Each structure stands twice: as C-alpha cells, then as structure tokens.
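J.: The structure is given below, and queries will be raised subsequently.
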Amino acid sequence: MSLESLTVQTKYGPVRGKRNVSLLGQEYVSFQGIPYARAPEGELRFKAPVPPQKWTETLDCTQQCEPCYHFDRRLQKIVGCEDSLKINVFAKEINPSTPLPVMLYIYGGGFTEGTSGTELYGPDFLVQKDIVLVSFNYRIGALGFLCCQSEQDGVPGNAGLKDQNLAIRWVLENIAAFGGDPKRVTLAGHSAGAASVQYHLISDASKDLFQRRIVMSGSTYSSWSLTRQRNWVEKLAKAIGWDGQGGESGALRFLRRAKPEDIVAHQEKLLTDQDMQDDIFTPFGPTVEPYLTEQCIIPKAPFEMARTAWGDKIDIMIGGTSEEGLLLLQKIKLHPELLSHPHLFLGNVPPNLKISMEKRIEFAAKLKQRYYPDSIPSMENNLGYVHMMSDRVFWHGLHRTILARAARSRARTFVYRICLDSEFYNHYRIMMIDPKLRGTAHADELSYLFSNFTQQVPGKETFEYRGLQTLVDVFSAFVINGDPNCGMTAKGGVVFEPNAQTKPTFKCLNIANDGVAFVDYPDADRLDMWDAMYVNDELF
C-alpha cells in the first residue's frame, strides 16, 4: 500500500495515515491527530469549540498527538497541550466494498483526566472486525468545564461536552472518506465517557447524530456526573494568584492568561470537606448552563431532560463490572480512618434525597445491615465497602437508566456484566489500585477491548483470551448489527436478549472466567434497597 493510497481528503484538507500490523497480526490503517477544532487558546480558552481552518498541504497524521491538559495519575505528572482537539480513525482498510459501521468512543477519567491515546485505547483488538473505530480528545478539568454565570463572558460551561458534539459532527461529515458509514454510528463511552454518551442522548444539541449507544459504567443518574456551581471561577483564580479585582469576569480574564499547568495543578485542591459531603465530585464537570446558547448541552436538570430524551428511540447496550467499587479503595488506602468514621453509612445515603433526617438514619441502618451485618468495616474487611461503592457510585445509576428505559422507551436495552478476574490481565486493578486484590474493578474491562502500553496479549488457551474475544465479538456485533448476539455467545449456547419492559428484575449477559451466561442480575436485591430510598417519581 503506497503512501498516496493512505491520503484521505477531509472537509478541511488532506491527511496522511499509515499502515500497521496489530498485536494479533491484523493489518490496519491509522490516522491520528486530525484536527476537528481550532486550538482553544487565548480568547477561545474555556469557550465552545470552533471548527478548524482549512488547509491545503497534506497533514501528517501518522503519529499520536498530545492529550488535553490533565494530571496523569499513572505517570504522576501534568501532561498535554491546548492544541489537542484531535480525532483518530482506525480501520482494516479505507476503501471497503461497502461502507463500514462506526464505533465512536469517548474516554473516561472523571471529567478531570484521560486521553484518546493508544497507550490506553489501542485499536489492536477491535480492528479484527469490520468496523471503523474513532476516538478523540476533549477538554477536561477547568479547561473543559469552567462555567461563568454572566452571559457577557460567553463561558456558560460544558465546553468539553461541546467538543464531543463537534467531534460527532466531524464524523458525520468526514467518515465516509475513511470507509465508514455516517448513517451507522454507535456512540460508546466508559465511566465519565458513558455519562457523556447519555448527555448526548438527552440533549437536543446532539439529536439524531448517531444511531446506537454503548454505556459502560457511567450514567447521568449518578451524582458524580453533575457539578454544582460554588463560585469555582473566583476560587480557582485566587488559588493561582489573582488579586480579587473585577469579580468573576476579572477572574476569567486572569485565568485566560494563566499557565495551563497552573490551572491543572490547582483545580482539584478547591474541594472542601463540606463539598465532598455534599456529593460534589469535582469543581469542574458537566453543569446546568446558566443561560441558553445555540450550542447548549445541559439547559436544565438532566433528570428532567431524561424524561423527554430523544435517545429513548434508539437501542442501547449498558453494563459494568462485578466489583466496580474497588476503584474507591484508592482513597481508603490513603485515608483508612474513613472506614471507621461514625457517619460512614449515613454519609452514603444520597444527599439529594428529599427526606427527613430520621429517614436518613433509617436508611443508613439498612446499609449497615446489608453490607456489614455481623462485622465492622476495615481495610482487611473491605468487601462490604467495595459492594456498597459498586452499587452507590456505579450500578444504581445504571439501574435507574434501565428502569427509565423500561418505562419510557420502545427501543431495545441489552445489559451486560463483566466478572473476568485475572491475576495478570486486569490492568487497572493491578496497576492503579492494588495487585494483591482480586475482582473485576472499574475500568478492568478496558484491557479486554483495547490494547494498551503493556502490549500484552493473553495466550490463546486462557480464559483471558476467551474473555477478550467475547467482549470484542459482543461489542462489535452490536455496532454492526444492533444485536450483540455473535459467535462467542452462540459458542456458549447463550442468547443475549433485550430486557423485557414489563419485568422489574433485569437480566444480563454475564461474562466470566468460565464463559458466558444469560442470568438474572446477581445483585438485584441490593439495587432494590437503593431504589427504595427514592419516593414518588424521583427514581427516574
């Protein structure tokens, strides 16, 4: 394949990609770092993205681009640049006989970190299939989610979500040139990326831009997916050295001149103990925008938006891992005293519930009885805490999404649960939490969908390899056909059915070390307990 044959003409100008061989021996082509927006620098910092200017000379897109600014916890340093609103395209070939369906992936990271780079999201496994895989960078932290209240400042927030919206539109306008079908786009995301997918499903700004969605371990029903405004702009500016003159507009002017590294270094230090008790996960994340604009993503409470969501008409595959809550042990390892805090259970009753303190205390007692009936929490006895965090932080939000779909949608909802527990291949648990722990942590499933910096491929006779091929097969089948039933489910003698809309208990495809099974969700009774905390129509 010549270099000329790897040159593609986009709406904005020609780009050159390269030919690769995957870790599994599959030839594929890649285009990395294609601009989909102008660099959000100077006066464009914090604002909604602007489409790129056109170019005439062929742009070299054979190398990975820098990520958006963030603190990389794996590398323990601030990385990135501002000129990073770039998109990546991977496929077996760019001239297929018929256009291929597209999987457009949004990375997670709590809206504060993350990258589309191949060190975490390599295409080696998914390019086995007849799909086009697309990933992209979007702004995170304060640079992506700073919100000013005055319309005059022109920074209503959610710039990171608006980056995503522009990237989706770029795909519709350009993916045909790469062999993709703009009429068969599946929007997929993990964690904060999954919540982002749901924001686009409930926002009219993204209406009808894609045909299916995959939601992995994240939901707009989870409290961490929405930030409340508490004068964060001025607090951030003061932390960096602003003199306090000019109010919020003065703070914005100061922050536009500040070094991005200083913004990243100070943004997460703003949260107080009270903020965290009030369930504020980050100062800078998705927020209800203070006024309407043409690009507005969240005009009102997401809970209300979801009730008339355009996305209820399209199919969804949704799920998570069996021990999502292992993620929260990172904080407990640093602050083990939290497990013995007298308000451990009371503090995990959702603070936004409109109930009396007496009722809160009653629910706290139920949490204690359910997760620690005959013992007390400790680092040595952390399984109850892991289960409580799995349910509260991740699975209950997913459950509320599933219930809302059952009540309001006629489209299909497929639910999966991943419990692949490997001693060496659950990379997130091993490298970021604790290699001595067992279970399938939040983000562990990503190693079975995407290649990463470890360059590991399990042996073909292992359950890890079978799990990898199962996830790739199920996900790509949904992208291609809208039906996740595939060779790996058939091999296991399983039919992966959509959830019935009349049954309160949902079923899921359970992907485990010993194979696949279609079962009642194993921990449904725990989720029912969380459901009971909500009254009337507050659940969904």
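Backbone N, Cα and C define each Cβ position, glycine as well.
Checked Swiss-Prot, it gives:
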ACT_SITE  Ser191  active site, acyl-ester intermediate
ACT_SITE  Glu324  active site, charge relay system
ACT_SITE  His442  active site, charge relay system
DISULFID  Cys68-Cys81  disulfide bond
CARBOHYD  Asn452  N-linked glycosylation site
J.: Quick one: of the active-site residues Ser191, Glu324, His442, which has its CA closest to the CA of Cys68 (disulfide bond)?
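T.: If we rank Ser191, Glu324, His442 by Cα distance to Cys68 (disulfide bond), first place goes to Ser191.
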J.: Among the disulfide-bonded residues listed here, Cys68, Cys81, whose Cβ has the fewest other Cβ atoms inside 10 Å?
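T.: Counting other Cβ atoms within 10 Å of each of the disulfide-bonded residues Cys68, Cys81 gives the minimum at Cys81.
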J.: Of the recorded positions Ser191, Glu324, Asn452, which sits closest to His442 (active site, charge relay system) by Cα distance?
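T.: Minimum Cα distance from His442 (active site, charge relay system) across Ser191, Glu324, Asn452 lands on Glu324.
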J.: Radius 10 Å, atoms counted are CB only; among the recorded positions Ser191, Asn452, which position scores highest?
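T.: The largest 10 Å Cβ neighbour count belongs to Ser191.
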J.: Checking the contact step here: among the recorded positions Cys81, Ser191, Glu324, which have a Cα within 10 Å of the Cα of the residue listed as 'N-linked glycosylation site'?
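T.: Matched recorded positions: none.
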J.: Are there residues of the same chain, six or more positions away from Glu324 (active site, charge relay system), whose CB falls under 8 angstroms from its CB, and which are they?
T.: Ser217, Met389, Ser390, Val393, Phe394, Trp395, Ala441, His442
J.: Rounded to an integer, what is the Cα-Cα distance in Å between the residue listed as 'active site, acyl-ester intermediate' and Cys81 (disulfide bond)?
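T.: Cα-Cα distance, the residue listed as 'active site, acyl-ester intermediate' to Cys81 (disulfide bond): 23 Å.
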J.: Should Asn452 (N-linked glycosylation site) be counted as helix, strand, or coil on the basis of DSSP?
T.: coil
J.: Measure the Cβ-based neighbour count of His442 (active site, charge relay system), defined as the other Cβ atoms within 10 Å of its Cβ.
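T.: Counting Cβ neighbours of His442 (active site, charge relay system) within 10 Å gives 28.
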J.: Name the secondary structure element type, per DSSP in three states, that contains the residue listed as 'active site, acyl-ester intermediate'.
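T.: Once the DSSP labels are grouped into three classes, the residue listed as 'active site, acyl-ester intermediate' ends up as coil.
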